[in-house]
Amino acid sequence: MSAIRTVVRGAQRRRVSTIVIVAATAMAVTATVLAGLLLAASSAPFANAFAAQHGAHLTALFDAAKTTEQQVAATASQAGQAAGPFPVATVAPKQDGGPGPGLPPLTVAGRADPGSGPIDRVTLLSGRWARAADEIVIARTNLRLPAGTTLTVANGSTLKVVGEGRSISRTAQGWMTPGGVAALGQTGWQMLYRYADAGTEAAMTAHRTALGGGAQTQSWLGVRDDAAHRTQLFVPLLSAFGLIGLALAALVIGNVTAGTVASATRRIGVMKALGLTPAQVVRACLAQALIPGLIGAVLGIVAGDLLAVPLTADVAELFGTVPMSVTPWVDAAAIVAAVLVIAATAAPAGWRAARLRTVDALAVGRTPAHGRGRLAARLAARSRLPRPFSLGLAQPFTRPARLLAMLVTIGLGTAAATFAIGLAVSLRHVQAADQKPNTSADVLVLPPMDAADRTDPRAVLDATPGTGSYYGRGPAEVAVDGLRETARGTVTTGDARAAGYEMLDGRWYTAPGEAVVTTGFLTATGKHVGDTVTGTGHGPLTLVGEVFDGSANNHLYTDAASLPGPQPALEWYIKLAPGTDRTAYLVALQGRNLQAEATQAEGADGTLVILDSLTALLTALLVSVAGLGVLNAVVLESRDRVHDIGVHKSVGMTPKQTAVMVVASVGIPGLVGGVAGVPAGWLLHHWAVPAMAHGAGIRLPQSTIDVYAPGLLAVLALAGLVLAAGGALLPAGWAARTRTAVALRTE
Amino acid sequence: MTPAGEGALPADDGGARVSLASPTMIDVVDVSRRYEGDQAALDHLSLHVAEGECLALLGPSGSGKSTLLNLIAGLDRPTEGTVTVGGTRVDRLGEAAAARYRRATIGLVFQFFNLLDDLTVADNVLLPAQIAGRPAAGSRRRAAELLETLGIDRHAQAYPGRLSGGERQRVAVARALMNRPPLLLADEPTGALDTASGAEVRKLLVDLHAEGQTIVLVTHDEVLAAAVATRTVRLVDGQVAA
């Protein structure tokens, strides 16, 4: 055992490389923990969050004017579990100091606390629960009302937002104390139910029927299906990141371990000369790799659990669920995986060292096998490049295995960056395509405030100087045979091609009787472009095109003349003639009693912001892991070559030239890894983005997938070089500072 | 063979330039070098070497011979005292300046050759010139000339691992002379060689000195010192023996 201890003590002497091993392993394990969490969070997120919150299978709202509290409470016996009755009020608040008219009406439930009951344990995402009658906790949706916001309700009283919560069952849009709800003017009673049999629509219909017709109900199945849309959109993305993270972590840990064992070969030779048996050598190699590896793994777990807090918060926001807490099984799995990878790499390397003849181990030591990399060295020597640079370029070819590992590490890092950047650009293109119909015009004329007023603004538009082209657009309900509910429709007047709807297939309609529809419509009806649909209240409509719609709705667009009956209230989108002053034009329209405003992009929505932050965090992590992998490889290489560095310095190589040589040693792996990583990231992007869209039931325009311009690809390919050079900088500095006499003495 | 001085210094060598007017090549004054634990490898040692001289430093292991050589080569710095070579205060040089100084002034020959195994003999010899940024054509001519003079031109494209010890040390000498250094420092140049190879190297050093090369030789080998050196200094415990 003392011999093993001696071998292991080698690691203590090589402090820098040991620190790098610990850091690289820590970072890799951090990536493993986060990747594991991503995969866990992406696996049935709604079901997990629903189970954790004891979500309500059925949420019922009883009219307080028609039902007493006792009658509502009595319905509890119909379910396995029930909670309530909770008083409910509907308020239409206005944010103090906020812009615009009022906020959408909020259904507010009176709950003394967020989650002590058997059902619907609301997760408090920020702030605290309401304690006073004038305090409210807001359910977090796209509408963000942070703690401290003051709301004014219709009766003139004010409410202070004290927290944000999330109910997976979406039982309310806000929560107050029961007394607070009473003060607002209670309108109903809420009951929450859980059933043993709640998995089918039929079972839920039966439960709903049993409550009688007096209650408005909401089934968890509807909420689940709605959540599934969001979930399916992002699962491929997060899974892809998770899998890259795991692959990169395994690679880095394996590479670090193999390097550690290889660097101990000469020491092992000495120990063998002193009587160490082959079995002891293997055990020593395992111990030497496992000790720093385990220290790194523990540090990685701690870092992973800390980073998991913002990561899982972002993921929960994305999925509309609640953040996962630190998951011990993920931590345990990460440690076990790290140990297995270390052992699987160290044991064969140790076995090779054990089989090596003692004399060879002593003679060969840490120098690379003779003959490797000589062609590269010859070519480099004959190049016109500065000698320190060409010496560095040839170096990695002396250790092909280490070169391959570095190539894969850099390739994966570049692939992650390529994927992440492509994803961000794609999502922006999707958003731009989605908003284009609203932003392609310069001016919007809204329908008259008075719904009865059907004044046609076209005469005014025609008479106003500066009007270029325009068209009218408005909502319509369109009954379609084969659909249970009416399709959401949009009717247009004039040439709506100017709206710039992105076509996925076919063409835009040009005459009444033609229509274009969304992917969701085609999926729901089973129709194809070229088919005809019929329905009550209109003639046959020929589907001439498939149009992109980011919301995955059943949507049909047609000319207003295709739908007989009263003309709906239309918004008019005007493209101004070139050179027209928009402000003056708006003033002119407003002077003619038209409600006109400038169109503007809506800006990045909350989901995009979260996705950006998540993507940035994951990319930074993966690139850091890859960078540490490079750092470790270069540290090992520099340590192995320290004597050669001393020789170079003894014949006049300056510290700067030494640093150039070390950084240049990652030049070829950086370039090749980058060039190989870009297509890998490109392929991943071209798989994941359509998969995300498919999961969400939409099809994307090709323009949102073909986002990599040649210039961007070239820059991304160079990113491998930057990553490699970044990883080599520290060891280059170390090599530059190494004292020549010390380096020459090093064996 | 080109002796010390002749066109050896490129114009861009800045602070590392040797003043050839100085009759004293090396001036070591009251130098001490202590390592951890306050153990003195050199203890207030002073030494002067004239240009064109061949000095042999003799002494038992641990007497400070190699430490002194490292100080003269700018590979290490003294704890106290001054080291001046050709008018340059070597003890004051930073790492970069010391590297430029070695390029221009010093040729180093080691006991274990310190050749780079993955470079051919020719590339090993060319290395100092390439690192110094000398023109390629001139450097190649110089390397070929050195290899021929030292009798190893047939091995130019071979790798050092295939050569005998004596041949490897000749390659090392060729590399040391590549930049025409005014000063050749040799640390136990025959220490790792068999008798025949040792004799080859001994003759080589004698020839070099005969051509005017200033040499400082560290050795245990009394025969080598007697054959090559114009003066011998014996070190004991970091001091010049009385």
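Heads up, the Cβ atoms here are built off N, Cα and C, so glycines get one too.
Curation does not apply to TrEMBL; its annotations are automatic.
Along the domain 'ABC3 transporter permease C-terminal' (A:240-355), the predicted structure has mean pLDDT 76. If you look up TrEMBL, you'll see A:240-355 (among others) marked as domain 'ABC3 transporter permease C-terminal'.
The domain 'ABC3 transporter permease C-terminal' feature in TrEMBL is assigned to A:618-728 (among others).
As annotated by TrEMBL, transmembrane segment applies to A:20-41 (among others). Note on the transmembrane segment (A:20-41): residues 11, 238-239, 241-246, 248-250, 252-253, 256, 260, 292-293, 295-297, 299-301, 303-305, 307-308, 311-312, 315-316, 319, 324, 327, 330-331, 333-335, 337-338, 342, 618, 621-622, 624-625, 628-629, 631-632, 635 of its chain, located 6 or more positions outside it, place their CB under 8 angstroms from a CB of the stretch.
What TrEMBL lists as transmembrane segment is A:233-264 (among others).
Same-chain residues lying 6 or more positions outside the transmembrane segment (A:285-309) and placing a CB less than 8 Å from one of its CB atoms are 4, 7-8, 10-11, 18, 21-34, 37, 253, 256-257, 260-261, 264, 268, 323-324, 326, 331, 334-335, 338-339, 342-343, 345-347, 349-350, 353-354, 617, 621. Residues or ranges marked as transmembrane segment in TrEMBL: A:285-309 (among others).
Residues or ranges marked as transmembrane segment by TrEMBL: A:329-347 (among others). For the transmembrane segment (A:329-347), the residues of the chain that approach it from at least six positions outside its boundaries are 25, 28-29, 32-33, 36-37, 40, 249-250, 253-254, 257-258, 260-261, 282, 285-286, 288-290, 293-294, 296-298, 300-301, 304-305, judged by C-beta separation under 8 angstroms.
Taken from TrEMBL, the feature transmembrane segment covers A:403-427 (among others).
The feature transmembrane segment is assigned by TrEMBL to A:614-637 (among others).
Per TrEMBL, the feature transmembrane segment maps to A:658-682 (among others).
Beyond its flanks by at least six residues, the transmembrane segment (A:707-730) meets 406, 410-411, 413-414, 417-418, 421-422, 425-426, 429, 623, 626-631, 633-635, 662-663, 665-667, 669-675, 677-678, 681-682, 685 of its own chain at Cβ-Cβ distances under 8 Å. Here TrEMBL flags A:707-730 (among others) as transmembrane segment.
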Taking a Cβ cut-off under 8 Å, which residues six or more beyond the ends of the transmembrane segment (A:658-682) line up next to it in the same chain?
386, 388-393, 395-396, 403, 406-419, 422, 630, 634, 637-638, 645, 648-649, 708, 713, 716-725, 727-729, 731-733, 735-736, 738
